[in-house]
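Notes for the one structure printed next.
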């Protein structure tokens, strides 16, 4: 406990340096515009997805409850880091009080971990719906889906709080600069003093666990789904199942491929710090930007509900709705 108090009282604030290669005001202004525009589209797309779900009772099924939960996660993840990133792009570097920086670390890692578990839960839902259709209504219903989503949140923030607590056990000395655009637990670990090697391995183990175990489960689930779909006698039934699963696989690929790419790039010697930082930003903003687009373009029920909502708000005439339906 004394080490924790020492770390809090010694380090009053942390300096986020931002990109080392983008120091000019013009380059920072360009990055600011790109990130801000992306953030506004993320809010718009995911809020529309949530509004579609809440306004159409036909979508109140476990699959769409999980999709809505993913939209909430996407909004929360970007709201946690994007304002800080925009502030760094505005001023070049900013000073952040230590405690708010630690809180941002917990929320960022907690929400990202929760999203990994949430995508595994979505794969489990599709596995039950396709491989065990007769038992699906008893195994997965709205209340049960909400409970499983709550478990994902609890597990995500448990791993995040545990990781940050491990780092806070050490005192901090030397420079208080974090070479990043937002507060990250691994960046804080680099500032710690003492024998931090074991803690680094533990953090690496936690990071691999919360990323690769959900991914392995997802791949296993979809392998079982593919085997079951191929046994469906009706070609129309096979196409519908593959179409539904394809939507989920696109969402999963966007998140995990980028996350694994960032993880590998950080381990390659000589990789530019700016490239790693850019990868982290893309990892946190591209999936939330793509998810609403993927679901709206590839899920017919959401398309129909969206057209109905536009009609109710008198944005589209009834004739257009009839044509789309």
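A Cβ is built for glycine as well, from the same backbone N, Cα and C atoms used for every other residue.
According to TrEMBL:
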type     : residues : note
DOMAIN   : 45-295   : domain 'G-protein coupled receptors family 1 profile'
TRANSMEM : 30-52    : transmembrane segment
TRANSMEM : 64-90    : transmembrane segment
TRANSMEM : 102-124  : transmembrane segment
TRANSMEM : 145-168  : transmembrane segment
TRANSMEM : 188-220  : transmembrane segment
TRANSMEM : 241-265  : transmembrane segment
TRANSMEM : 277-297  : transmembrane segment
Long-range neighbours of the transmembrane segment (102-124), counting only residues six or more past its ends (CB under 8 A): 63, 66-67, 69-70, 73-74, 76-77, 80-81, 84, 96, 145, 148-149, 151-153, 155-157, 159-161, 163-164, 168, 182-185, 188, 210-211, 214-215, 217-218, 221-222, 248, 251-252, 255-256, 284, 287
Ranked first among 30-52, 64-90, 145-168, 241-265 for CB pairs under 8 angstroms with the transmembrane segment (277-297): 241-265
Averaged pLDDT score, the domain 'G-protein coupled receptors family 1 profile' (45-295): 86
Beyond the flanks of the transmembrane segment (64-90) by 6 or more, those residues with Cβ under 8 Å of it: 16, 18, 28-29, 31-32, 35-36, 39, 42-43, 46-47, 49-50, 53-54, 96, 104, 107-108, 111-112, 114-115, 118-119, 121-122, 125, 142, 145-146, 149, 181-183, 251, 281, 284-285, 287-288, 291-292, 295, 301-302
Contact set, same chain, for the transmembrane segment (145-168): CB under 8 Å, 6 or more residues outside the stretch: 3-4, 7-8, 62, 65-66, 69, 102, 105-118, 121, 125, 185, 188-189, 192, 199, 202-203, 206, 209-210
